[in-house]
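**Student:** Dropping a structure here in structure tokens format, bear with me for questions.
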């Protein structure tokens, strides 16, 4: 077994030891147990959940985002189609074909999920590295694409290729260093591990050879690129072998150790030499103060000696007195050589030598005072280097002198050197570590903000090289977050420091998108306000981790103030996204929405039991969304006016680009927003309309007035006389819907009259609209009843447009009423069924025991209270007073369907496809003894099918008649025959389609099984109409007849098979 690593113990248990694994052997506490009869495969699989979701999401979510952004229409179409197919299969309860029934697949087919897990871990390293590299190259160019590919290959190799135990196999109760895990418990096998290793070592190199074939050997740097692209991943592979990455090569720890030492030494020499040529002498030659050839010799000694010492320590080779002495001597020599290279005064060469001695002593003896001595001496050398090379330069960068930058950089480096020592202090002094880390993060944010966001410092030479590139911002951000994560796992810093550091490092990413000098600090303040519920109250097992109400209010207030402070950053983000200055409503909406979303963790994690908090949060978020969607006019003070926003609003770019745009009055949007917010407040019970009838009436009237005024002002602004009728219509609709859903004692008697008034208002408003609009337009144009033809035509077109809008409005109203009644009737029938079932259960249980003895007093009180608060519209009262509901619902459904047919004729000229979308409206018909006798739930599809068939038959007859008698005199030449041949031909073809339609509609009405051959025999009758008819609607009838016959046969066959199963 591999002994525990003294210097780097495993931080989590998912790493597997690279020693011998045997499926039939288990080592525990030094003993060996041999099993001769392995258990069946299902017994060796468990039904636990998938344990690697974060790892998979880290790869797949960015890949999906990159593909959606870079892949274009084909990727979006494929993703949409896949989601639609999966949703349809899941909605049809076809679990084997659905991707959402993972738990079902895991229970039914456990080996399948193991295979899927293996496929994920096998494929994602290849896919993730390619897609991530593609995204980076598309953003920054192809120059260093091979190195990006190499880095991502290493990352995904570490995530997926280091051996891990499967989530769905029974785990052996062995520790990491105390026992062996069988090979078949690992996710990946030897073949996949070998492929991943080959991909890590050779694919970046091959990619570089193909993409840079013309300049492979053009210079020493180009040759060094080839060596680096192979040996850097090779060194990474050797390091990963300490975590079991080479378990598939050998199981002997001695062999693995020799592989690491020998191959690591060779690879280290090659990498160091190549880095000297490619990096050191290429970019930092100006700081090397030693002449040739000593410069190459000393730089090689410094880099190779330092790398060799670090590698030996990392491999655990510094274990005795002799190796410690050699390590100390190497550190002293390397430090002195490095000081000579940078030109350190010969008189003070002992200082870096002593610093190297103390650093080596810290690593070998774990002496903390030695490390702080190294920090002091190292700080002196860093200060000397900065002063010697930069202090005398009279350069101003980003609004400040170079000397000021030197001070900041020296302070930041000293803090970075001191933090590791502070982290090793006793627990009571860890606040020093937190202060040092926060100070270092603040200095780093300030320096990067200065270098990156001030445009005057970007270019310092004629090569157009960026002085502080964006990848450095990303690199320092993720290194800082990784450091915070590591220190938090080791309990070196507290939760408050984690909170502050996470917010500071994360806020640096904002600089990549916005160039404002205050964007970083505004983002940091906003993150500090939003993140406390997530980072400061993490331990849910303790009551102290939950917020108190005053803390919740305080955090919400701080979030609101932080959003106000970030108003300019939000404005710049919206301006960057839209390409122009956002409106006041849009800015205010985003501020409200951001405030609401930032409060979600507070409510979800700490006040999930408080319904008022949830309702208020929903209302705030809905308000923000409504402001964003409708962008109502708001005063400038509401949008947190500032100098930046004022300057952007006064720019003349919009006028010069877009010209003068006539603005449409937007004040009616306030009315629609008010109506929607009132509805949300009522639904969430913030307004208790469910229990107070008078408040319910006021609510419905206010809703109707708001919607009526909005519709009148938005769509019928010129027809002033009609405003009263439209407002009355909307008030009647609102009252009817509200009191149908929440009835009162007398509403069942009044609502039929309200509906009758609504129906009567429809023709009055429709006819009055035409008369009023014609007179108004003609009066405004200055002509009388016998005026010019152009003015009359304009007036008629305006009238038709307004009437079409009215038809659409009333169609929506009747649809809403029909839906409401259908919903209420279904709820009442469900309640009746539940009462009948509970009555049977109560009668059965009453024979054995008293109901009061089996019903707890508290629950009985709650039941009585609930019954007393529910409106008094019960099943019996519905039978006595609410019998009008089915008839009213049917009238509303039929009127909605009729209006939609009229709109189809007006808007599309009578589209053939429209009937297939309009006929499902008739599914809202109800069982009604007055109008539709014998109609029940069993016949609910009959109106749809009979209307489709009847509509197509009637429109086919009309098309034949119109073709013959109304204006198309050249048809004879087109179809090759006289009028009567055309008519007889198409009529005969249409008649051939009737048997299929008649049989299918009879079947849909009764669902009685007939001879299975009858539907199939009618299929040939529909082939001639579908092929040779001259009328499109007859062709549709033929195709529909074939579909009807097949459906009838399949459903009948299914009924027959179900009957056999039942028997």
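First residue shown is number 1, and so on along the chain.
Note that Cβ sites are derived from N, Cα and C of the backbone, with glycine treated the same way.
Okay, so TrEMBL annotates it like this:
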type	residues	note
COMPBIAS	16-30	compositional bias 'Polar residues'
COMPBIAS	843-853	compositional bias 'Low complexity'
REGION	1-39	region 'Disordered'
REGION	838-857	region 'Disordered'
TRANSMEM	119-140	transmembrane segment
TRANSMEM	146-162	transmembrane segment
TRANSMEM	261-281	transmembrane segment
TRANSMEM	325-348	transmembrane segment
TRANSMEM	408-425	transmembrane segment
TRANSMEM	520-537	transmembrane segment
TRANSMEM	695-713	transmembrane segment
TRANSMEM	719-738	transmembrane segment
TRANSMEM	750-768	transmembrane segment
TRANSMEM	806-823	transmembrane segment
TRANSMEM	883-905	transmembrane segment
TRANSMEM	1034-1051	transmembrane segment
**Student:** Using Cβ atoms and a strict cutoff of less than 8 Å, what residues sit near the transmembrane segment (146-162) while being 6 or more residues removed from its termini?
**Tutor:** 15-16, 55, 58-59, 121, 124-125, 128-130, 132-133, 136-137, 188, 193, 196-197, 199-200, 203-205, 207-208, 211-212, 225, 229, 232-233, 236-237, 240, 243-245
**Student:** Can you name the far-off residues of the same chain, 6+ from the ends of the transmembrane segment (261-281), with a Cβ under 8 Å from a Cβ of it?
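**Tutor:** For the transmembrane segment (261-281), the sequence-distant neighbours (Cβ-Cβ under 8 Å, at least 6 residues beyond its ends) are 220-221, 224-225, 227-228, 231-232, 234-235, 238, 288, 295-296, 299-300, 303-304, 307-308, 311, 315, 317.
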**Student:** Take a look at 119-140, 408-425, 695-713, 806-823, 1034-1051 and tell me which one has the most Cβ pairs under 8 Å to the transmembrane segment (750-768).
**Tutor:** 806-823
**Student:** Let me spell it out: take the transmembrane segment (806-823), skip the flanking residues so only those 6+ beyond its ends count, and list any with a Cβ under 8 Å from a Cβ in it.
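**Tutor:** Sequence-distant neighbours of the transmembrane segment (806-823): 711, 726, 729, 733, 736-737, 740-741, 755, 758, 762, 765-766, 769, 885-886, 888-889, 892-893, 895-896, 899-900, 902-903, 906, 921, 924, 926.
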